[in-house]
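Enquirer: Annotation comment: TrEMBL describes B:Glu200 as substrate binding site. If you look up TrEMBL, you'll see B:9-262 marked as domain 'GCVT N-terminal'. What TrEMBL records for B:290-369 is domain 'Aminomethyltransferase C-terminal'.
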Amino acid sequence: MKYTEEHEWLRAEDDVMVVGITEHAATQLGDLVFVELPDVGTTVSKDDEIVVIESVKAASDILAPIDGEIVEVNEVLVENPAMVNDDAQGEAWFFKIKPSDPSQMDDMMDETAYNKYIG
Amino acid sequence: MPDLKRTPLHALHAELGAKMTEFAGYDMPVQYPMGVLREHQHCRGQAGLFDVSHMGQVLIVPRTGAIKDAALAMETLVPVDILGLSEGRQRYALFTNDAGGIEDDLMVANRGDHLFVVVNAACKDADIARMTDKLSDTCEVVPVTDRALIALQGPAAEAALLPIVHDAPNMNFMDVITVPSDFGPLWISRSGYTGEDGFEISVKANRAEDLARALLADVNVAPIGLGARDSLRLEAGLCLYGSDLDTTTTPVEAGLTWAIQKARRLGGAREGGFPGHDTILRQMSEGASRKRVGLLPDGRAPMRAGTEIFADETSQTAIGTVTSGAYGPWIEAPMSMAYVASEHAQKGTVLYGEVRGKRLPATVAALPFRPAQFKR
(Lines of atoms letter the chains of each structure in order from A; the text may use other names.)
(Lines give C-alpha, C1' and ligand atoms only; values in the text may rest on other atoms or scores of the structure.)
Protein backbone atom coordinates (compact mmCIF):
# COMPACT_ATOMS: atom_id res chain seq x y z
CA MET A 1 0.00 0.00 0.00
CA LYS A 2 1.21 3.51 -0.92
CA TYR A 3 0.07 6.74 0.70
CA THR A 4 -0.06 10.38 -0.45
CA GLU A 5 0.18 13.62 1.48
CA GLU A 6 -3.44 14.18 0.44
CA HIS A 7 -4.36 11.21 2.67
CA GLU A 8 -5.12 8.81 -0.15
CA TRP A 9 -4.06 5.18 -0.27
CA LEU A 10 -3.21 3.21 -3.43
CA ARG A 11 -3.27 -0.56 -3.64
CA ALA A 12 -2.01 -2.47 -6.69
CA GLU A 13 -4.51 -4.85 -8.29
CA ASP A 14 -3.11 -6.42 -11.46
CA ASP A 15 -2.16 -3.49 -13.71
CA VAL A 16 -4.42 -0.91 -12.03
CA MET A 17 -4.26 0.97 -8.74
CA VAL A 18 -7.25 0.95 -6.36
CA VAL A 19 -7.58 4.35 -4.62
CA GLY A 20 -9.33 5.40 -1.41
CA ILE A 21 -8.88 7.77 1.51
CA THR A 22 -7.22 6.80 4.78
CA GLU A 23 -9.02 6.07 8.04
CA HIS A 24 -7.30 9.13 9.45
CA ALA A 25 -8.79 11.30 6.69
CA ALA A 26 -12.25 9.77 7.15
CA THR A 27 -12.13 10.48 10.88
CA GLN A 28 -11.05 14.06 10.29
CA LEU A 29 -13.79 14.64 7.72
CA GLY A 30 -16.59 13.28 9.89
CA ASP A 31 -19.57 11.29 8.62
CA LEU A 32 -19.77 11.40 4.82
CA VAL A 33 -23.18 12.16 3.31
CA PHE A 34 -22.42 12.67 -0.39
CA VAL A 35 -20.04 11.18 -2.95
CA GLU A 36 -19.77 12.16 -6.63
CA LEU A 37 -17.52 9.90 -8.72
CA PRO A 38 -15.84 10.53 -12.10
CA ASP A 39 -17.02 8.80 -15.29
CA VAL A 40 -15.33 5.55 -16.19
CA GLY A 41 -13.02 6.10 -19.15
CA THR A 42 -11.99 9.61 -18.10
CA THR A 43 -8.32 10.41 -18.58
CA VAL A 44 -7.03 12.39 -15.60
CA SER A 45 -3.86 14.19 -14.62
CA LYS A 46 -2.22 14.16 -11.21
CA ASP A 47 -3.93 16.65 -8.83
CA ASP A 48 -7.12 16.95 -10.92
CA GLU A 49 -10.15 17.24 -8.64
CA ILE A 50 -11.97 14.10 -9.67
CA VAL A 51 -14.17 13.11 -6.72
CA VAL A 52 -16.43 15.39 -4.68
CA ILE A 53 -17.18 14.31 -1.14
CA GLU A 54 -19.29 16.05 1.46
CA SER A 55 -19.29 15.28 5.13
CA VAL A 56 -21.75 16.52 7.71
CA LYS A 57 -19.39 19.47 8.02
CA ALA A 58 -18.26 20.53 4.54
CA ALA A 59 -17.49 19.68 0.93
CA SER A 60 -14.04 18.68 -0.26
CA ASP A 61 -12.34 17.09 -3.24
CA ILE A 62 -10.26 14.00 -3.81
CA LEU A 63 -7.41 14.60 -6.22
CA ALA A 64 -6.09 12.19 -8.82
CA PRO A 65 -2.91 10.85 -7.17
CA ILE A 66 -1.30 10.05 -10.56
CA ASP A 67 -1.87 10.44 -14.31
CA GLY A 68 -3.98 7.73 -15.85
CA GLU A 69 -7.38 6.47 -16.95
CA ILE A 70 -10.32 5.80 -14.60
CA VAL A 71 -11.27 2.17 -15.30
CA GLU A 72 -13.79 1.51 -12.52
CA VAL A 73 -15.63 3.47 -9.80
CA ASN A 74 -17.25 2.23 -6.59
CA GLU A 75 -20.92 3.10 -7.22
CA VAL A 76 -21.90 1.64 -3.84
CA LEU A 77 -20.50 4.77 -2.18
CA VAL A 78 -22.96 7.01 -4.00
CA GLU A 79 -25.86 5.24 -2.29
CA ASN A 80 -24.02 4.69 0.97
CA PRO A 81 -21.43 7.43 1.62
CA ALA A 82 -21.22 6.46 5.32
CA MET A 83 -19.42 3.28 4.26
CA VAL A 84 -16.27 5.41 3.96
CA ASN A 85 -16.38 6.07 7.70
CA ASP A 86 -16.92 2.39 8.47
CA ASP A 87 -14.34 0.83 6.15
CA ALA A 88 -12.12 3.54 4.61
CA GLN A 89 -9.19 1.27 3.85
CA GLY A 90 -11.19 -1.78 2.84
CA GLU A 91 -14.46 -1.95 0.90
CA ALA A 92 -14.85 1.83 0.62
CA TRP A 93 -12.42 2.43 -2.26
CA PHE A 94 -13.38 5.28 -4.63
CA PHE A 95 -11.94 4.43 -8.05
CA LYS A 96 -9.47 2.27 -9.94
CA ILE A 97 -6.95 4.04 -12.15
CA LYS A 98 -4.68 2.65 -14.85
CA PRO A 99 -1.40 4.57 -14.42
CA SER A 100 0.18 6.13 -17.50
CA ASP A 101 3.41 6.91 -15.63
CA PRO A 102 3.95 4.43 -12.78
CA SER A 103 7.13 6.27 -11.76
CA GLN A 104 4.88 8.94 -10.21
CA MET A 105 4.33 6.48 -7.37
CA ASP A 106 8.01 6.10 -6.56
CA ASP A 107 8.08 8.95 -4.06
CA MET A 108 4.88 8.00 -2.23
CA MET A 109 4.94 7.02 1.43
CA ASP A 110 4.70 3.51 2.80
CA GLU A 111 2.57 2.80 5.86
CA THR A 112 5.33 3.58 8.36
CA ALA A 113 6.13 6.88 6.69
CA TYR A 114 2.43 7.81 6.48
CA ASN A 115 1.82 7.06 10.16
CA LYS A 116 4.77 9.28 10.97
CA TYR A 117 3.37 11.96 8.60
CA ILE A 118 0.03 12.12 10.43
CA GLY A 119 1.89 11.98 13.74
CA MET B 1 -7.68 29.28 20.46
CA PRO B 2 -7.13 32.22 22.79
CA ASP B 3 -9.42 32.98 25.70
CA LEU B 4 -12.35 30.79 24.76
CA LYS B 5 -14.98 30.68 27.47
CA ARG B 6 -15.85 27.33 29.02
CA THR B 7 -19.16 26.02 30.27
CA PRO B 8 -19.49 24.18 33.61
CA LEU B 9 -19.59 20.90 31.61
CA HIS B 10 -16.29 21.50 29.81
CA ALA B 11 -14.33 18.83 31.73
CA LEU B 12 -17.13 16.31 31.16
CA HIS B 13 -17.04 16.92 27.40
CA ALA B 14 -13.32 16.15 27.39
CA GLU B 15 -13.90 12.99 29.43
CA LEU B 16 -16.62 11.89 26.98
CA GLY B 17 -14.17 12.26 24.08
CA ALA B 18 -15.79 15.27 22.44
CA LYS B 19 -14.24 17.03 19.48
CA MET B 20 -14.38 20.70 20.44
CA THR B 21 -14.94 23.81 18.35
CA GLU B 22 -15.30 27.54 18.88
CA PHE B 23 -18.90 28.71 18.97
CA ALA B 24 -19.96 32.22 19.99
CA GLY B 25 -16.75 32.64 21.97
CA TYR B 26 -17.13 29.31 23.79
CA ASP B 27 -15.16 26.08 23.48
CA MET B 28 -18.05 23.72 22.71
CA PRO B 29 -18.46 20.04 21.75
CA VAL B 30 -19.22 19.67 18.03
CA GLN B 31 -19.47 15.88 18.21
CA TYR B 32 -18.70 12.92 20.45
CA PRO B 33 -17.18 9.60 19.34
CA MET B 34 -20.64 8.41 18.21
CA GLY B 35 -20.48 10.92 15.32
CA VAL B 36 -22.99 13.44 14.02
CA LEU B 37 -25.23 11.03 12.08
CA ARG B 38 -25.63 8.53 14.90
CA GLU B 39 -26.04 11.28 17.50
CA HIS B 40 -28.85 12.73 15.39
CA GLN B 41 -30.60 9.37 15.10
CA HIS B 42 -30.07 8.62 18.78
CA CYS B 43 -31.83 11.83 19.76
CA ARG B 44 -34.77 11.02 17.44
CA GLY B 45 -34.95 7.42 18.63
CA GLN B 46 -34.03 7.63 22.33
CA ALA B 47 -32.72 10.77 23.97
CA GLY B 48 -29.87 13.23 23.72
CA LEU B 49 -28.24 15.50 26.27
CA PHE B 50 -27.00 18.88 25.03
CA ASP B 51 -24.88 21.43 26.84
CA VAL B 52 -26.48 24.77 26.01
CA SER B 53 -24.90 26.64 28.90
CA HIS B 54 -23.43 29.16 26.47
CA MET B 55 -26.89 30.61 25.96
CA GLY B 56 -27.89 33.67 27.95
CA GLN B 57 -30.25 33.33 30.90
CA VAL B 58 -31.74 36.57 32.16
CA LEU B 59 -34.32 37.49 34.81
CA ILE B 60 -36.63 40.46 34.25
CA VAL B 61 -37.87 41.46 37.69
CA PRO B 62 -40.57 44.17 37.93
CA ARG B 63 -39.70 46.87 40.48
CA THR B 64 -43.36 47.07 41.55
CA GLY B 65 -43.51 43.34 42.15
CA ALA B 66 -46.37 43.09 39.64
CA ILE B 67 -45.57 40.73 36.73
CA LYS B 68 -47.88 42.79 34.52
CA ASP B 69 -45.38 45.64 34.62
CA ALA B 70 -42.55 43.41 33.42
CA ALA B 71 -44.81 41.96 30.71
CA LEU B 72 -45.84 45.39 29.41
CA ALA B 73 -42.22 46.59 29.47
CA MET B 74 -41.05 43.51 27.56
CA GLU B 75 -43.79 44.06 24.98
CA THR B 76 -42.01 47.27 23.91
CA LEU B 77 -39.15 45.07 22.60
CA VAL B 78 -40.98 42.06 21.12
CA PRO B 79 -44.09 41.71 18.88
CA VAL B 80 -45.39 39.03 21.22
CA ASP B 81 -48.29 38.89 23.69
CA ILE B 82 -46.37 38.72 26.98
CA LEU B 83 -49.21 40.09 29.09
CA GLY B 84 -51.33 37.12 28.04
CA LEU B 85 -48.61 34.64 28.97
CA SER B 86 -49.86 32.71 32.01
CA GLU B 87 -47.76 31.88 35.02
CA GLY B 88 -45.86 28.66 34.37
CA ARG B 89 -45.89 29.09 30.60
CA GLN B 90 -43.22 29.97 28.04
CA ARG B 91 -43.44 31.56 24.61
CA TYR B 92 -41.14 32.04 21.60
CA ALA B 93 -40.32 35.69 20.93
CA LEU B 94 -38.23 37.96 18.72
CA PHE B 95 -36.35 41.15 19.47
CA THR B 96 -37.10 43.39 16.48
CA ASN B 97 -35.41 46.60 15.29
CA ASP B 98 -36.85 49.83 13.92
CA ALA B 99 -36.63 48.52 10.35
CA GLY B 100 -38.64 45.43 11.30
CA GLY B 101 -35.57 43.17 11.22
CA ILE B 102 -34.80 40.58 13.87
CA GLU B 103 -32.09 41.26 16.48
CA ASP B 104 -32.41 37.84 18.13
CA ASP B 105 -34.92 35.11 18.85
CA LEU B 106 -35.58 34.00 22.40
CA MET B 107 -37.81 32.23 24.88
CA VAL B 108 -39.77 34.16 27.51
CA ALA B 109 -41.25 32.40 30.53
CA ASN B 110 -43.62 33.73 33.18
CA ARG B 111 -42.34 32.51 36.53
CA GLY B 112 -44.97 34.20 38.68
CA ASP B 113 -43.21 37.27 40.00
CA HIS B 114 -40.73 37.74 37.16
CA LEU B 115 -39.96 36.82 33.56
CA PHE B 116 -37.18 34.39 32.65
CA VAL B 117 -35.59 34.90 29.27
CA VAL B 118 -33.23 32.61 27.32
CA VAL B 119 -31.32 34.22 24.44
CA ASN B 120 -28.71 33.11 21.90
CA ALA B 121 -25.09 32.99 22.99
CA ALA B 122 -23.79 35.17 20.16
CA CYS B 123 -26.35 37.88 20.91
CA LYS B 124 -26.51 37.75 24.68
CA ASP B 125 -24.32 40.77 25.44
CA ALA B 126 -26.30 42.93 23.02
CA ASP B 127 -29.59 41.54 24.30
CA ILE B 128 -28.69 42.25 27.92
CA ALA B 129 -27.58 45.76 26.97
CA ARG B 130 -30.85 46.31 25.07
CA MET B 131 -33.02 45.07 27.93
CA THR B 132 -31.03 47.02 30.52
CA ASP B 133 -31.34 50.17 28.41
CA LYS B 134 -35.04 49.86 27.66
CA LEU B 135 -36.50 48.10 30.69
CA SER B 136 -34.57 49.48 33.65
CA ASP B 137 -37.16 52.14 34.50
CA THR B 138 -39.64 49.47 35.45
CA CYS B 139 -37.59 46.30 35.85
CA GLU B 140 -34.33 45.00 37.17
CA VAL B 141 -32.52 43.11 34.38
CA VAL B 142 -30.46 40.37 36.01
CA PRO B 143 -28.12 38.24 33.90
CA VAL B 144 -27.92 34.76 35.42
CA THR B 145 -24.22 33.88 35.39
CA ASP B 146 -24.10 31.09 37.96
CA ARG B 147 -26.30 28.54 36.19
CA ALA B 148 -25.72 26.01 33.43
CA LEU B 149 -28.38 25.02 30.88
CA ILE B 150 -28.85 21.40 29.82
CA ALA B 151 -31.26 20.25 27.14
CA LEU B 152 -32.62 16.71 27.29
CA GLN B 153 -34.41 15.86 24.05
CA GLY B 154 -36.06 12.83 22.52
CA PRO B 155 -38.80 10.27 23.13
CA ALA B 156 -36.95 8.84 26.15
CA ALA B 157 -36.33 12.25 27.76
CA GLU B 158 -39.30 12.16 30.12
CA ALA B 159 -38.41 8.72 31.47
CA ALA B 160 -34.79 9.78 31.95
CA LEU B 161 -35.77 12.89 33.89
CA LEU B 162 -38.46 11.19 35.97
CA PRO B 163 -36.18 9.81 38.74
CA ILE B 164 -34.88 13.34 39.33
CA VAL B 165 -38.05 15.35 38.68
CA HIS B 166 -41.22 13.47 39.64
CA ASP B 167 -43.38 16.21 38.14
CA ALA B 168 -41.88 15.80 34.67
CA PRO B 169 -44.82 13.79 33.24
CA ASN B 170 -47.26 16.48 34.38
CA MET B 171 -45.64 19.10 32.16
CA ASN B 172 -46.94 19.90 28.69
CA PHE B 173 -45.07 21.53 25.82
CA MET B 174 -43.95 25.05 26.85
CA ASP B 175 -44.78 24.58 30.53
CA VAL B 176 -42.17 25.85 32.99
CA ILE B 177 -41.66 24.81 36.61
CA THR B 178 -39.21 25.45 39.43
CA VAL B 179 -38.52 22.35 41.50
CA PRO B 180 -36.14 21.32 44.27
CA SER B 181 -33.98 18.31 43.43
CA ASP B 182 -30.92 16.37 44.53
CA PHE B 183 -29.04 18.85 42.33
CA GLY B 184 -30.47 21.99 43.88
CA PRO B 185 -33.35 24.01 42.50
CA LEU B 186 -34.02 23.32 38.83
CA TRP B 187 -35.75 25.69 36.42
CA ILE B 188 -37.30 23.45 33.81
CA SER B 189 -39.21 24.08 30.60
CA ARG B 190 -40.72 21.42 28.38
CA SER B 191 -39.25 22.70 25.14
CA GLY B 192 -36.16 22.47 22.98
CA TYR B 193 -34.57 22.94 19.60
CA THR B 194 -34.85 19.52 17.99
CA GLY B 195 -38.54 19.04 17.18
CA GLU B 196 -38.59 16.26 19.75
CA ASP B 197 -40.38 16.18 23.08
CA GLY B 198 -37.93 17.22 25.75
CA PHE B 199 -36.80 19.59 28.45
CA GLU B 200 -34.39 22.46 29.02
CA ILE B 201 -33.04 22.44 32.54
CA SER B 202 -31.33 25.37 34.25
CA VAL B 203 -29.15 24.16 37.12
CA LYS B 204 -26.61 25.78 39.42
CA ALA B 205 -23.22 25.71 37.71
CA ASN B 206 -21.60 23.77 40.53
CA ARG B 207 -24.24 21.01 40.32
CA ALA B 208 -24.43 20.84 36.51
CA GLU B 209 -21.88 18.10 35.99
CA ASP B 210 -23.50 15.87 38.62
CA LEU B 211 -26.89 16.37 37.00
CA ALA B 212 -25.49 15.64 33.53
CA ARG B 213 -23.83 12.47 34.82
CA ALA B 214 -27.08 11.35 36.46
CA LEU B 215 -28.97 11.84 33.19
CA LEU B 216 -26.24 10.15 31.12
CA ALA B 217 -26.41 7.16 33.49
CA ASP B 218 -29.71 6.29 31.78
CA VAL B 219 -28.78 3.90 28.97
CA ASN B 220 -31.07 5.75 26.56
CA VAL B 221 -29.32 9.09 26.99
CA ALA B 222 -26.28 9.99 24.88
CA PRO B 223 -24.38 13.28 24.75
CA ILE B 224 -25.03 15.22 21.52
CA GLY B 225 -22.81 17.92 20.04
CA LEU B 226 -23.46 21.08 18.07
CA GLY B 227 -23.17 19.20 14.76
CA ALA B 228 -26.25 17.09 15.37
CA ARG B 229 -27.97 19.96 17.15
CA ASP B 230 -27.82 21.82 13.84
CA SER B 231 -29.15 18.98 11.67
CA LEU B 232 -31.88 18.23 14.24
CA ARG B 233 -33.13 21.81 14.32
CA LEU B 234 -33.01 22.06 10.52
CA GLU B 235 -35.09 18.89 10.05
CA ALA B 236 -37.49 20.40 12.58
CA GLY B 237 -37.73 23.56 10.46
CA LEU B 238 -36.37 25.75 13.25
CA CYS B 239 -34.40 28.89 12.46
CA LEU B 240 -30.81 29.50 13.51
CA TYR B 241 -30.23 33.13 14.40
CA GLY B 242 -27.35 34.52 12.33
CA SER B 243 -28.12 32.12 9.48
CA ASP B 244 -31.87 32.03 8.83
CA LEU B 245 -32.71 35.16 10.78
CA ASP B 246 -30.76 38.39 11.03
CA THR B 247 -31.16 42.14 11.38
CA THR B 248 -32.34 42.40 7.75
CA THR B 249 -35.02 39.68 7.82
CA THR B 250 -38.48 40.48 9.15
CA PRO B 251 -40.75 38.06 11.04
CA VAL B 252 -43.09 38.09 8.02
CA GLU B 253 -40.35 37.16 5.56
CA ALA B 254 -39.20 34.49 8.01
CA GLY B 255 -42.68 32.98 8.27
CA LEU B 256 -42.78 33.62 12.01
CA THR B 257 -46.06 35.56 12.16
CA TRP B 258 -47.48 32.74 14.31
CA ALA B 259 -45.28 34.21 17.07
CA ILE B 260 -47.16 37.53 16.80
CA GLN B 261 -50.38 36.96 18.70
CA LYS B 262 -53.67 38.71 17.98
CA ALA B 263 -53.23 41.26 20.77
CA ARG B 264 -50.21 42.79 18.99
CA ARG B 265 -51.62 42.72 15.44
CA LEU B 266 -53.69 45.36 13.65
CA GLY B 267 -56.92 45.80 15.57
CA GLY B 268 -55.53 43.96 18.60
CA ALA B 269 -55.83 45.20 22.19
CA ARG B 270 -52.18 46.31 22.20
CA GLU B 271 -51.62 46.74 18.47
CA GLY B 272 -48.03 47.57 17.49
CA GLY B 273 -45.87 49.23 20.10
CA PHE B 274 -42.76 47.20 19.28
CA PRO B 275 -39.71 48.21 17.21
CA GLY B 276 -40.45 48.12 13.49
CA HIS B 277 -44.19 47.67 14.02
CA ASP B 278 -45.07 49.79 10.95
CA THR B 279 -43.11 47.57 8.58
CA ILE B 280 -44.04 44.30 10.22
CA LEU B 281 -47.78 45.00 10.49
CA ARG B 282 -47.85 46.34 6.93
CA GLN B 283 -46.12 43.21 5.62
CA MET B 284 -48.63 41.11 7.56
CA SER B 285 -51.47 42.69 5.56
CA GLU B 286 -49.76 43.19 2.21
CA GLY B 287 -47.24 40.35 2.17
CA ALA B 288 -43.45 40.49 1.91
CA SER B 289 -41.39 40.34 -1.28
CA ARG B 290 -39.44 37.27 -0.12
CA LYS B 291 -40.18 34.29 2.06
CA ARG B 292 -38.34 31.62 3.98
CA VAL B 293 -39.05 28.20 2.46
CA GLY B 294 -37.97 24.62 2.82
CA LEU B 295 -36.13 23.13 -0.15
CA LEU B 296 -35.63 19.46 -0.91
CA PRO B 297 -32.86 18.93 -3.48
CA ASP B 298 -33.74 16.16 -5.95
CA GLY B 299 -30.36 14.44 -5.80
CA ARG B 300 -28.10 13.66 -2.89
CA ALA B 301 -25.91 16.77 -3.03
CA PRO B 302 -26.58 19.08 -0.07
CA MET B 303 -27.25 22.73 -0.93
CA ARG B 304 -25.45 24.55 1.82
CA ALA B 305 -25.75 28.09 3.18
CA GLY B 306 -24.85 30.60 0.48
CA THR B 307 -26.02 28.47 -2.44
CA GLU B 308 -27.75 30.75 -4.94
CA ILE B 309 -31.24 29.78 -6.07
CA PHE B 310 -32.53 30.35 -9.61
CA ALA B 311 -35.99 30.05 -11.14
CA ASP B 312 -34.72 27.88 -14.01
CA GLU B 313 -31.60 26.33 -15.47
CA THR B 314 -30.45 29.30 -17.54
CA SER B 315 -31.51 32.62 -15.98
CA GLN B 316 -28.73 34.98 -14.90
CA THR B 317 -30.34 36.53 -11.84
CA ALA B 318 -30.75 34.59 -8.61
CA ILE B 319 -34.19 34.69 -7.00
CA GLY B 320 -32.99 33.53 -3.62
CA THR B 321 -30.26 32.15 -1.39
CA VAL B 322 -29.94 29.14 0.89
CA THR B 323 -29.45 30.14 4.54
CA SER B 324 -29.07 26.65 6.05
CA GLY B 325 -28.39 23.37 4.30
CA ALA B 326 -27.28 19.92 5.37
CA TYR B 327 -27.98 16.24 5.04
CA GLY B 328 -31.06 15.21 7.01
CA PRO B 329 -30.28 11.88 8.69
CA TRP B 330 -33.88 11.13 9.66
CA ILE B 331 -35.39 12.09 6.29
CA GLU B 332 -32.36 10.43 4.64
CA ALA B 333 -32.01 13.26 2.15
CA PRO B 334 -30.40 16.67 1.83
CA MET B 335 -32.51 19.59 3.04
CA SER B 336 -32.21 23.35 2.99
CA MET B 337 -33.89 26.51 4.15
CA ALA B 338 -33.77 29.42 1.75
CA TYR B 339 -35.20 32.87 1.22
CA VAL B 340 -36.78 33.16 -2.22
CA ALA B 341 -38.84 35.79 -4.02
CA SER B 342 -42.44 35.30 -2.90
CA GLU B 343 -43.70 34.48 -6.41
CA HIS B 344 -41.45 31.39 -6.32
CA ALA B 345 -42.29 30.34 -2.76
CA GLN B 346 -45.31 28.15 -3.56
CA LYS B 347 -45.00 24.62 -2.22
CA GLY B 348 -44.13 22.20 -5.02
CA THR B 349 -42.31 24.82 -7.15
CA VAL B 350 -39.15 23.41 -8.72
CA LEU B 351 -36.20 25.79 -8.32
CA TYR B 352 -32.50 25.36 -9.10
CA GLY B 353 -29.58 25.67 -6.73
CA GLU B 354 -26.14 26.31 -8.19
CA VAL B 355 -23.75 23.76 -6.67
CA ARG B 356 -20.17 23.61 -7.96
CA GLY B 357 -21.22 25.43 -11.13
CA LYS B 358 -24.15 23.13 -11.88
CA ARG B 359 -27.84 23.99 -11.60
CA LEU B 360 -29.46 21.23 -9.59
CA PRO B 361 -33.24 20.99 -9.10
CA ALA B 362 -34.84 21.34 -5.68
CA THR B 363 -38.51 21.43 -4.74
CA VAL B 364 -40.08 23.96 -2.39
CA ALA B 365 -41.34 21.89 0.55
CA ALA B 366 -43.38 22.42 3.68
CA LEU B 367 -41.52 22.96 6.96
CA PRO B 368 -40.81 21.15 9.15
CA PHE B 369 -39.22 18.35 7.13
CA ARG B 370 -39.95 16.08 10.08
CA PRO B 371 -43.18 16.60 12.08
CA ALA B 372 -42.76 17.85 15.64
CA GLN B 373 -43.20 15.30 18.42
CA PHE B 374 -44.21 17.70 21.20
CA LYS B 375 -46.34 16.68 24.18
CA ARG B 376 -49.37 18.94 23.96
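If you go along the chain as it appears here, the first residue is 1 and each next one adds 1.
Note that Cβ sites are derived from N, Cα and C of the backbone, with glycine treated the same way.
Please treat TrEMBL annotations as automatic predictions, because they have not gone through curation.
Just tell me what is around each of these and how deep it sits.
Expert: In the three-state DSSP scheme, B:Glu200 (substrate binding site) is classed as strand.
The average pLDDT computed over the domain 'GCVT N-terminal' (B:9-262) stands at 98.
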Enquirer: Give me the count of other Cβ atoms within 10 A of the Cβ belonging to B:Glu200 (substrate binding site).
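Expert: Neighbour count, Cβ to Cβ under the 10 Å cut-off: 23.
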Enquirer: With DSSP as the reference, give the number of residues of the domain 'Aminomethyltransferase C-terminal' (B:290-369) in helix, strand and coil.
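Expert: Helix (H, G, I), strand (E, B), coil: 3 helix, 43 strand, 34 coil.
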